[in-house]
Amino acid sequence: HDKPELRLRELRREFEIVASSFITNHNSSNTKLFFGDIEFRESQSSFQLFGVNSLPHVRLVGPTAKSLKDDSDVMDQGDFSRLAEFVESRTKLTVGPIHRPPVLSKMQLGLITALLLLCLPLVAKRIFAGETLLHDPKIWLSGAVFVYFFSVSGAMHNIIRKMPMFLVDRNDPNKLVFFYQGSGMQLGAEGFAVGFLYTVVGLLLAVVTHVLVYVKDATAKRLAMLFTLLVSFWAVKKVILLDNWKTGYGIHGFWPSSWN
């Protein structure tokens, strides 16, 4: 449970939701399916009966199974997000609608509604006076930079795939892995590092096109352009080296044919 990369707590919550939904949708006196979980520290012998050697582990034991290890269906790790579908496909029983607990309780919703009603006159006054945060250009600028960073850092990929920020090194438990070698997986810290490099180049380009053009000192312009070129070259080079290290694919430059 202490290893976030296993996602045991998240899987157990989803398991409990599917189990409670099945019980709610069916008559409890006529239940043909039973849900249960086994804790390794409390039932190591049970784990041996099932032949479990890695976690997380979910399996279905049918009524005709003679051997817990050989005659039961094991769920693939890729199906953990489709627990209800696994149950229905293996048992031919209908789980029914999934009843998830509300994000906010009725009391919390009531307090939030009351607070909004109290703040409504003050907010309306500021909106008509043009003194809200939405009227501040700096807020829009910060939001645009955030959206750009969110887009190029793979943050949506991390949310959808629920990727961890880092992993623990198998050979050295005291060492953390922030960059995973291989094209099939990208850690959260890795995406944020690449997104930071992209954002730096984008901000430098914005400064050159929107700020530097108003500088009258030619020497200052040259120094700023030289700094922008060097930093951008360094950032792009780091991204190319990381891509080559992960995938093995290289990016090569070619001179114009007329120069040969």
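Using N, Cα and C of the backbone, Cβ positions are placed for all residues, glycine too.
The annotation transmembrane segment is assigned in TrEMBL to 109-128, 140-160, 192-213, 219-236.
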When counting Cβ pairs under 8 Å to the transmembrane segment (140-160), the leader among 109-128, 192-213, 219-236: 192-213
Distant-in-sequence neighbours of the transmembrane segment (192-213), which means Cβ under 8 A and at least six residues beyond its ends: 145, 148-150, 152-155, 178-179, 221, 224-225, 228, 231-232, 235-236, 238-239, 242
